[in-house]
Amino acid sequence: MAHRWTNTLTRNDITPKALWLNRRAVLGGMAAGGLAGGIAAPAAAQSAPLEPNTLEEIRSYNNFYEFGTGKGDPAENAGAMQTDPWQVTVDGLVDNPGTYALDDLIGDMTIEDRIYRFRCVEAWSMVVPWNGFELGDLLQKLGPQEGAKFIAFETAVIPEVMPGVRRRVLDFPYVEGLRLDEAMHPLTLMATGLYGEPLANQNGAPLRLVVPWKYGFKSIKSIVRITLTDEMPPTTWNRLNAREYGFYSNVNPNVDHPRWSQASERVIGGGLFSSRQDTLMFNGYPEVAPLYEGMDLSVAY
Ligand SMILES: Nc1nc2c(c(=O)[nH]1)N[C@H]1C(S)=C(S)[C@@H](COP(=O)(O)O)O[C@H]1N2
Ligand SMILES: [Mo]
(Lines of atoms letter the chains of each structure in order from A and count residues from 1; the text may use other names and numbers.)
(Lines give C-alpha, C1' and ligand atoms only; values in the text may rest on other atoms or scores of the structure.)
(Ligands and ions follow the chains in the order given, each with its own letter.)
Protein backbone atom coordinates (compact mmCIF):
# COMPACT_ATOMS: atom_id res chain seq x y z
CA MET A 1 0.00 0.00 0.00
CA ALA A 2 1.43 3.35 -1.00
CA HIS A 3 0.91 5.82 1.81
CA ARG A 4 0.79 9.54 1.48
CA TRP A 5 0.11 11.37 4.73
CA THR A 6 -2.13 14.38 4.37
CA ASN A 7 -4.71 15.91 6.63
CA THR A 8 -3.79 13.63 9.44
CA LEU A 9 -4.26 14.39 13.07
CA THR A 10 -2.07 12.08 15.04
CA ARG A 11 -1.29 12.04 18.72
CA ASN A 12 2.24 13.31 18.24
CA ASP A 13 2.01 15.23 15.02
CA ILE A 14 0.15 18.45 15.55
CA THR A 15 2.38 20.78 13.59
CA PRO A 16 1.95 19.20 10.14
CA LYS A 17 -1.82 19.36 10.62
CA ALA A 18 -1.63 23.03 11.48
CA LEU A 19 0.43 23.60 8.36
CA TRP A 20 -2.03 21.59 6.32
CA LEU A 21 -4.99 23.61 7.58
CA ASN A 22 -3.12 26.78 6.78
CA ARG A 23 -2.38 25.56 3.26
CA ARG A 24 -6.04 24.68 2.77
CA ALA A 25 -7.09 28.06 4.06
CA VAL A 26 -4.85 29.70 1.48
CA LEU A 27 -6.00 27.41 -1.33
CA GLY A 28 -9.63 27.95 -0.38
CA GLY A 29 -9.19 31.69 -0.45
CA MET A 30 -10.30 32.05 3.15
CA ALA A 31 -8.68 34.81 5.12
CA ALA A 32 -7.40 33.47 8.42
CA GLY A 33 -10.23 33.76 10.91
CA GLY A 34 -12.16 35.75 8.35
CA LEU A 35 -15.25 33.59 8.02
CA ALA A 36 -18.43 35.43 8.81
CA GLY A 37 -21.28 34.18 10.93
CA GLY A 38 -19.40 32.09 13.44
CA ILE A 39 -18.64 29.37 10.93
CA ALA A 40 -15.06 28.91 12.02
CA ALA A 41 -14.83 26.61 15.02
CA PRO A 42 -12.54 27.52 17.92
CA ALA A 43 -8.92 27.23 16.89
CA ALA A 44 -8.01 25.16 19.92
CA ALA A 45 -10.66 22.57 19.12
CA GLN A 46 -9.53 22.41 15.51
CA SER A 47 -5.91 21.69 16.23
CA ALA A 48 -6.32 19.39 19.22
CA PRO A 49 -4.78 16.00 18.52
CA LEU A 50 -7.33 13.27 17.93
CA GLU A 51 -7.27 10.02 19.83
CA PRO A 52 -8.61 7.34 17.50
CA ASN A 53 -11.11 4.84 18.81
CA THR A 54 -9.90 1.28 19.09
CA LEU A 55 -10.36 -1.16 16.24
CA GLU A 56 -12.64 -3.14 18.55
CA GLU A 57 -14.86 -0.12 19.20
CA ILE A 58 -15.06 0.82 15.52
CA ARG A 59 -15.98 -2.74 14.58
CA SER A 60 -18.54 -3.39 17.30
CA TYR A 61 -20.69 -0.22 17.48
CA ASN A 62 -22.22 0.21 14.03
CA ASN A 63 -25.13 1.42 11.98
CA PHE A 64 -25.73 -0.79 8.94
CA TYR A 65 -29.46 -1.36 8.82
CA GLU A 66 -29.23 -4.01 6.10
CA PHE A 67 -27.87 -6.22 8.89
CA GLY A 68 -30.26 -5.08 11.61
CA THR A 69 -31.04 -1.94 13.59
CA GLY A 70 -29.14 -2.78 16.78
CA LYS A 71 -25.64 -1.39 17.21
CA GLY A 72 -24.29 -4.93 17.62
CA ASP A 73 -26.25 -6.46 14.73
CA PRO A 74 -23.83 -5.53 11.90
CA ALA A 75 -20.86 -7.10 13.70
CA GLU A 76 -22.90 -10.22 14.29
CA ASN A 77 -24.42 -10.56 10.82
CA ALA A 78 -22.30 -8.79 8.21
CA GLY A 79 -19.57 -11.42 8.16
CA ALA A 80 -21.81 -13.56 5.97
CA MET A 81 -21.60 -11.04 3.11
CA GLN A 82 -19.26 -12.08 0.30
CA THR A 83 -17.12 -9.06 -0.66
CA ASP A 84 -14.74 -10.74 -3.08
CA PRO A 85 -15.43 -10.75 -5.99
CA TRP A 86 -17.17 -7.36 -5.92
CA GLN A 87 -18.45 -5.31 -8.81
CA VAL A 88 -19.32 -1.64 -9.02
CA THR A 89 -21.49 -0.24 -11.80
CA VAL A 90 -20.67 3.27 -12.96
CA ASP A 91 -23.33 4.99 -15.04
CA GLY A 92 -25.03 8.25 -15.92
CA LEU A 93 -23.24 11.37 -17.15
CA VAL A 94 -19.76 9.89 -17.24
CA ASP A 95 -17.17 9.25 -19.96
CA ASN A 96 -16.20 5.79 -18.71
CA PRO A 97 -19.34 3.94 -17.68
CA GLY A 98 -19.37 0.23 -17.08
CA THR A 99 -19.55 -2.57 -14.58
CA TYR A 100 -16.09 -2.87 -13.09
CA ALA A 101 -14.44 -5.52 -10.99
CA LEU A 102 -13.43 -3.64 -7.84
CA ASP A 103 -9.73 -3.88 -8.54
CA ASP A 104 -10.15 -2.60 -12.10
CA LEU A 105 -11.98 0.41 -10.71
CA ILE A 106 -9.78 1.37 -7.76
CA GLY A 107 -6.62 -0.73 -8.02
CA ASP A 108 -4.54 2.24 -9.15
CA MET A 109 -5.75 4.69 -6.49
CA THR A 110 -3.26 5.99 -3.94
CA ILE A 111 -4.28 4.81 -0.48
CA GLU A 112 -3.79 7.39 2.24
CA ASP A 113 -4.23 7.41 6.01
CA ARG A 114 -6.82 9.91 7.25
CA ILE A 115 -7.75 10.27 10.89
CA TYR A 116 -11.22 11.80 10.84
CA ARG A 117 -13.85 12.72 13.35
CA PHE A 118 -17.05 10.78 12.70
CA ARG A 119 -20.33 12.24 13.95
CA CYS A 120 -23.58 10.30 13.73
CA VAL A 121 -26.83 12.27 13.53
CA GLU A 122 -27.87 10.32 16.66
CA ALA A 123 -25.37 12.49 18.58
CA TRP A 124 -22.57 10.04 19.20
CA SER A 125 -19.08 10.28 17.76
CA MET A 126 -15.86 8.40 17.18
CA VAL A 127 -12.47 9.09 15.68
CA VAL A 128 -11.55 6.71 12.88
CA PRO A 129 -8.14 6.18 11.24
CA TRP A 130 -9.32 5.40 7.73
CA ASN A 131 -7.34 4.10 4.78
CA GLY A 132 -8.70 5.22 1.46
CA PHE A 133 -8.41 7.42 -1.58
CA GLU A 134 -9.91 10.74 -2.55
CA LEU A 135 -13.21 10.36 -4.37
CA GLY A 136 -12.03 13.24 -6.57
CA ASP A 137 -9.19 11.07 -7.90
CA LEU A 138 -11.64 8.37 -8.92
CA LEU A 139 -13.97 10.92 -10.48
CA GLN A 140 -11.13 12.31 -12.53
CA LYS A 141 -10.56 8.83 -13.92
CA LEU A 142 -14.26 8.24 -14.60
CA GLY A 143 -14.70 11.57 -16.35
CA PRO A 144 -17.87 13.36 -15.22
CA GLN A 145 -19.57 14.92 -18.23
CA GLU A 146 -20.52 18.55 -18.70
CA GLY A 147 -24.04 18.35 -17.26
CA ALA A 148 -23.15 16.26 -14.18
CA LYS A 149 -23.98 18.13 -10.97
CA PHE A 150 -24.50 15.33 -8.44
CA ILE A 151 -23.15 11.90 -7.64
CA ALA A 152 -25.39 9.10 -6.38
CA PHE A 153 -24.37 5.90 -4.59
CA GLU A 154 -26.14 2.64 -3.95
CA THR A 155 -25.41 -0.14 -1.45
CA ALA A 156 -25.58 -3.85 -2.24
CA VAL A 157 -28.85 -5.65 -1.53
CA ILE A 158 -28.30 -9.31 -0.66
CA PRO A 159 -31.42 -10.51 1.17
CA GLU A 160 -29.98 -13.98 1.86
CA VAL A 161 -27.37 -12.49 4.21
CA MET A 162 -29.13 -9.24 5.20
CA PRO A 163 -31.81 -9.75 7.87
CA GLY A 164 -32.67 -6.03 7.85
CA VAL A 165 -33.43 -6.24 4.13
CA ARG A 166 -35.63 -9.28 4.65
CA ARG A 167 -37.52 -7.45 7.39
CA ARG A 168 -37.67 -4.25 5.25
CA VAL A 169 -36.54 -2.00 8.10
CA LEU A 170 -35.82 0.68 5.47
CA ASP A 171 -36.55 1.08 1.78
CA PHE A 172 -33.55 -0.70 0.25
CA PRO A 173 -31.23 -0.31 -1.58
CA TYR A 174 -29.72 2.30 0.72
CA VAL A 175 -28.94 5.29 -1.48
CA GLU A 176 -26.96 8.45 -0.85
CA GLY A 177 -25.57 11.34 -2.81
CA LEU A 178 -23.42 14.44 -2.86
CA ARG A 179 -23.23 17.56 -4.94
CA LEU A 180 -20.34 17.14 -7.35
CA ASP A 181 -18.25 19.88 -5.74
CA GLU A 182 -18.68 18.17 -2.36
CA ALA A 183 -17.62 14.90 -3.94
CA MET A 184 -14.52 16.55 -5.40
CA HIS A 185 -13.48 18.12 -2.09
CA PRO A 186 -10.12 16.71 -0.97
CA LEU A 187 -11.56 15.67 2.41
CA THR A 188 -14.08 13.33 0.74
CA LEU A 189 -12.74 9.84 1.01
CA MET A 190 -13.57 6.42 -0.38
CA ALA A 191 -12.44 4.10 2.41
CA THR A 192 -11.07 0.63 1.79
CA GLY A 193 -9.68 -0.01 5.24
CA LEU A 194 -8.92 1.31 8.69
CA TYR A 195 -5.98 0.83 11.02
CA GLY A 196 -4.14 -0.59 8.01
CA GLU A 197 -6.56 -3.53 7.83
CA PRO A 198 -9.19 -4.15 5.16
CA LEU A 199 -12.58 -2.80 6.17
CA ALA A 200 -14.63 -5.20 8.22
CA ASN A 201 -17.95 -5.92 6.53
CA GLN A 202 -19.83 -4.10 9.29
CA ASN A 203 -17.85 -0.95 8.42
CA GLY A 204 -18.88 -1.13 4.77
CA ALA A 205 -16.43 -3.45 3.00
CA PRO A 206 -15.12 -3.43 0.44
CA LEU A 207 -15.74 0.23 -0.42
CA ARG A 208 -17.57 2.95 1.51
CA LEU A 209 -17.88 6.69 1.37
CA VAL A 210 -16.57 8.93 4.18
CA VAL A 211 -17.64 12.58 4.31
CA PRO A 212 -16.27 13.79 7.65
CA TRP A 213 -18.12 17.11 7.85
CA LYS A 214 -21.55 15.50 7.35
CA TYR A 215 -23.67 13.33 9.61
CA GLY A 216 -22.66 9.69 9.43
CA PHE A 217 -25.64 8.48 7.40
CA LYS A 218 -24.18 10.23 4.34
CA SER A 219 -21.21 7.83 4.50
CA ILE A 220 -22.83 5.01 2.55
CA LYS A 221 -21.39 1.52 2.87
CA SER A 222 -20.64 -1.43 0.58
CA ILE A 223 -21.14 0.52 -2.64
CA VAL A 224 -22.22 -1.27 -5.82
CA ARG A 225 -23.32 1.67 -7.99
CA ILE A 226 -22.01 5.16 -8.67
CA THR A 227 -24.16 7.40 -10.88
CA LEU A 228 -23.36 10.87 -12.19
CA THR A 229 -26.51 12.90 -12.66
CA ASP A 230 -27.82 16.40 -13.32
CA GLU A 231 -30.51 16.11 -10.60
CA MET A 232 -30.29 15.96 -6.84
CA PRO A 233 -30.63 12.22 -6.19
CA PRO A 234 -32.98 10.72 -3.59
CA THR A 235 -31.34 9.70 -0.33
CA THR A 236 -32.58 7.01 2.02
CA TRP A 237 -33.10 8.98 5.24
CA ASN A 238 -34.43 12.03 3.48
CA ARG A 239 -36.98 9.89 1.67
CA LEU A 240 -38.03 8.33 4.97
CA ASN A 241 -38.36 11.62 6.85
CA ALA A 242 -37.48 14.82 5.00
CA ARG A 243 -38.26 16.97 8.03
CA GLU A 244 -35.56 15.24 10.08
CA TYR A 245 -32.89 14.40 7.50
CA GLY A 246 -31.84 16.74 4.70
CA PHE A 247 -29.82 16.10 1.59
CA TYR A 248 -26.89 18.19 2.80
CA SER A 249 -26.89 17.20 6.47
CA ASN A 250 -23.75 19.05 7.37
CA VAL A 251 -22.84 18.71 11.03
CA ASN A 252 -24.10 21.85 12.74
CA PRO A 253 -24.27 22.27 16.53
CA ASN A 254 -26.61 25.26 16.10
CA VAL A 255 -29.38 23.40 14.29
CA ASP A 256 -31.08 20.78 16.43
CA HIS A 257 -32.66 17.62 15.16
CA PRO A 258 -36.44 17.97 15.64
CA ARG A 259 -36.23 15.38 18.43
CA TRP A 260 -32.87 16.11 20.11
CA SER A 261 -30.08 18.64 20.47
CA GLN A 262 -27.09 18.53 18.14
CA ALA A 263 -25.02 20.87 20.33
CA SER A 264 -23.01 18.08 21.90
CA GLU A 265 -22.18 14.45 21.31
CA ARG A 266 -21.50 11.29 23.31
CA VAL A 267 -17.97 10.06 22.71
CA ILE A 268 -17.91 6.31 22.10
CA GLY A 269 -15.26 4.45 24.06
CA GLY A 270 -13.31 5.17 27.13
CA GLY A 271 -14.45 2.01 28.84
CA LEU A 272 -17.08 2.57 31.52
CA PHE A 273 -16.74 6.32 31.36
CA SER A 274 -18.66 7.79 28.49
CA SER A 275 -18.03 11.46 28.02
CA ARG A 276 -19.72 14.27 26.13
CA GLN A 277 -18.08 16.95 24.08
CA ASP A 278 -19.27 19.99 22.18
CA THR A 279 -20.09 19.35 18.55
CA LEU A 280 -18.11 21.47 16.12
CA MET A 281 -19.41 23.34 13.07
CA PHE A 282 -18.85 21.14 10.04
CA ASN A 283 -17.64 18.57 12.58
CA GLY A 284 -14.40 20.54 12.91
CA TYR A 285 -13.69 20.89 9.17
CA PRO A 286 -14.29 24.62 8.56
CA GLU A 287 -12.36 24.46 5.30
CA VAL A 288 -15.53 23.16 3.60
CA ALA A 289 -17.45 26.37 4.42
CA PRO A 290 -16.87 27.91 0.94
CA LEU A 291 -18.93 25.06 -0.55
CA TYR A 292 -22.00 26.47 1.21
CA GLU A 293 -21.56 30.16 0.59
CA GLY A 294 -24.95 31.77 0.19
CA MET A 295 -26.78 28.98 2.00
CA ASP A 296 -28.49 29.92 5.26
CA LEU A 297 -26.77 27.64 7.72
CA SER A 298 -29.30 28.34 10.47
CA VAL A 299 -31.80 26.07 8.74
CA ALA A 300 -31.47 22.36 8.15
CA TYR A 301 -31.10 21.15 4.60
N1 LIG B 1 -25.69 0.99 3.40
C2 LIG B 1 -25.71 1.64 4.58
N3 LIG B 1 -24.78 2.58 4.80
C4 LIG B 1 -24.78 3.25 5.99
C5 LIG B 1 -25.75 2.97 6.98
C6 LIG B 1 -26.71 1.95 6.70
O7 LIG B 1 -27.60 1.63 7.51
N8 LIG B 1 -26.64 1.30 5.50
N9 LIG B 1 -25.76 3.67 8.17
C10 LIG B 1 -25.13 5.01 8.15
C11 LIG B 1 -25.00 5.59 9.47
S12 LIG B 1 -26.41 6.19 10.18
C13 LIG B 1 -23.79 5.73 10.08
S14 LIG B 1 -23.66 6.59 11.55
C15 LIG B 1 -22.57 5.12 9.52
C16 LIG B 1 -21.92 4.22 10.55
O17 LIG B 1 -20.67 3.79 10.10
P18 LIG B 1 -19.81 2.81 11.01
O19 LIG B 1 -20.71 1.71 11.48
O20 LIG B 1 -18.70 2.30 10.15
O21 LIG B 1 -19.32 3.63 12.16
O22 LIG B 1 -22.83 4.37 8.33
C23 LIG B 1 -23.76 4.97 7.45
N24 LIG B 1 -23.81 4.19 6.23
MO1 LIG C 1 -25.69 7.64 11.78
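Backbone N, Cα and C define each Cβ position, glycine as well.
Note that TrEMBL annotation is computational and uncurated.
Record check: TrEMBL places N62, Y65, E66, C120, N203, R208, S219, I220, K221 at the Mo-molybdopterin site, and the matching candidate among T89, T155 is T155.
Long-range Cβ proximity for T155 (Mo-molybdopterin binding site), meaning a same-chain Cβ under 8 A and a gap of 6 or more residues, is found for E66, F172, P173, Y174, V175, I220, K221, S222, I223, V224. The DSSP secondary structure for R208 (Mo-molybdopterin binding site) is strand.
Counted over all residue pairs in N62, Y65, E66, C120, T155, N203, R208, S219, I220, K221, the record's binders of Mo-molybdopterin, the longest Cα to Cα distance measures 19 angstrom. Summed and averaged per residue, pLDDT over the domain 'Oxidoreductase molybdopterin-binding' (81-237) gives 98.
E66 (Mo-molybdopterin binding site) carries a helical DSSP state (H, G or I). DSSP gives I220 (Mo-molybdopterin binding site) a coil state; it is part of no helix or strand.
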